[in-house]
């Protein structure tokens, strides 16, 4: 079973409180979502493999460490996942980007994939799927399925807030995927939103409500 980890660093928790507030505007919401994404990336990438590399400093040659193998691929789920992307890239600027477009049917709450674009060698890369909210788990599971269909074997999921129902759904369908969250929230409401949650993260990020 993949692990579920709440990243309870004080800075993450402080910033999460700010974006939970209903009166936080889009500009501040967008900035802080990116900041939390970066802070979470620092913790999530602790186990990236390193290799020795010979370099030359102003003082002479030396052997130092750098990330081994293919670079990490960040996979934001459109559209809300884009809010976390820049923060992650600030921590791992060499990362590649794959984009998955998903939309949720307002009546059935089921997700549908409408777009997928990724590096050609994505099957050889570790992928970090990012989306601010893990609600029913449908979008996350569909995104993970889209990656696995293309041969990806090493997948992690990073979200800001997670409902117990979404955590369970991902762990049952994808027991090989580790989930990282800034918070495990109380529950999923009948309308498909997380409580206490963030509201509609996509609308708040892009000012479309």
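Each residue, glycine too, has its Cβ placed from N, Cα and C.
According to Swiss-Prot, the 5-phospho-alpha-D-ribose 1-diphosphate binding site annotation covers 79, 104, 131, 132, 133, 134, 135, 136, 137, 138, 139, 200, on the basis of sequence analysis. Taking a C-beta cut-off of under 8 Å and a sequence gap of six or more, residue 135 (5-phospho-alpha-D-ribose 1-diphosphate binding site) has these contacts in its own chain: 163, 165, 166, 188, 192, 193, 194.
Mapped onto three states, the DSSP output places residue 194 (uracil binding site) in strand. The uracil binding site annotation in Swiss-Prot covers 194, 199, 200, 201, and the record cites sequence analysis as its basis.
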> What three-state secondary structure does DSSP assign to residue 200 (uracil binding site)?
Replying inline: coil
>> Take the mean position of the Cβ atoms of 194, 199, 200, 201, the recorded uracil site. Which other residues of that chain put their Cβ within 8 Å of it?
In response: 132, 133, 193, 197, 198, 202, 203, 204
> Compared by Cα position, which of the binding-site residues 199, 200, 201 is the closest one to residue 131 (5-phospho-alpha-D-ribose 1-diphosphate binding site)?
Replying inline: 201
